[in-house]
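Database features (TrEMBL):
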- 220: active site, charge relay system (ACT_SITE)
- 346: active site, charge relay system (ACT_SITE)
- 375: active site, charge relay system (ACT_SITE)
- 140-381: domain 'AB hydrolase-1' (DOMAIN)
- 25-50: transmembrane segment (TRANSMEM)
């Protein structure tokens, strides 16, 4: 018994001595601890370089557009290195609004009237200090379309304005009805399928600066609306080029993806509440035609669209609305050079619904697919505050279209 007690006391004494020394030395002072950290770091670096950092896939229906992008936009051929500590899709999507800087931009607001009596808010960044394009009448102009509930103050929009400013270009942001503080004058908002307001805005901008070249960039739902517009108008479009980011190509697949438990919790419920908040702000005029109390009980985007959006725009059913809102059905009719950036891990626009085969049939369309990037994420660098991969794609393609776009006049 005494022998057992002595052995136990010796053991506890040695163990206590070991831990005291470890606390004094610290993890990185311990050979074992340092080896573990270095081993883990090496394994993670290998995994990152092999499985995470990859070159994007560039798909185009025509060799001419493909070669133009390779030559004028080197970013399409470069390896995309997502931020190593947040490369996962959902993390990229959630963090972007918080970690990216919001450049200061002073807009000039303009309210224009729509044929139905409603009003549309445009935010202009005139860039009158442009050294490369001092003549405002011919200054290249980019029309920007934000996402579902976005405005001209979204970080991704501000970054595109900043990139355009650096290049000497002008920007105008198309804010969807009722989202940027203006009143609704008619009981109508917006949706991805209806492009009437976009057509009004493009016509107004072209009349205002009729000598200036014009292109457009759309993000998420803004990109869907832009692609639907191009598909409907065909050759009757005066845009020199279009770039689309994180568009949902098949709305049925997009909503199904967002209804999976985790994505419903992280994204669907929040976006639904944002849509409801926008409706509630304009309750006084909207409740004259719609059951707003019923709309406010929606738990998902699909329920919101069934109770509000599809009814507002006169669709027989929500399925009819979703079919009409899906740009995948209109890609074949696009006749303006259009570059589309999607991430394969975007839960808003799942990889299997990206229209690879449809793009291969149209020489005017190119699709750039990264392995990672999430939804409007595309974070890169150790601390991704200033610029993203998406920003670099925007900058290079915009400059290529305005400076060398004559080579894209006939892509067939």
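From the backbone N, Cα and C atoms, a Cβ is placed for every residue, glycine too.
Positions of the features from TrEMBL, shown on the structure.
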{"residue": "220", "record": "active site, charge relay system", "Cβ neighbours (10 Å)": "26"}
{"residue": "346", "record": "active site, charge relay system", "Cβ neighbours (10 Å)": "29"}
{"residue": "375", "record": "active site, charge relay system", "Cβ neighbours (10 Å)": "26"}
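Cα spacing between residue 375 (active site, charge relay system) and residue 346 (active site, charge relay system): 5 Å, rounded to the nearest whole number. Distance between Cα atoms for residue 220 (active site, charge relay system) and residue 346 (active site, charge relay system): 11 Å, as a whole number.
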